[in-house]
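One structure below.
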């Protein structure tokens, strides 16, 4: 690369054809490398010798599910015992018990009847007792200019 002539600008290199020569040179190099890499990798191939006897073929057994009362259960039937259907009153009683255990109250109506004491009450002051605010709405700039009112 030291003996290569370097052009002053890319325009001179394009006019002299130097860029084209370099591109063709790089293209040839990449094509050579790709040809080398296209050859399949050398992997050792194991050839089995037919003269040696092979072991017996593997045996496949098809197993069935265990029978219950002499009947093979089909995949669609469920083997779980059916849960007894609970009445509405039983479900509500269980719900109330769980709610009492978790939240400490048996029904949601009890909470609604109680006023919420956690929030502090807001004390409103009459308009005339409030102190006037001394906020300057349109400040002046540091140099005495009109600040935000300044038009550009």
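Just so it is clear, glycine is given a Cβ too, placed from its N, Cα and C backbone atoms.
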Note = Residue among 74, 107 with Swiss-Prot annotation phosphoserine is 107
Separation of alpha carbons, residue 37 (phosphoserine) and residue 105 (phosphoserine) (Å) = 76
Collapsed DSSP category at residue 105 (phosphoserine) = coil
Request  = State the mean pLDDT for the domain 'SUZ' (42-107).
outcome  = 78
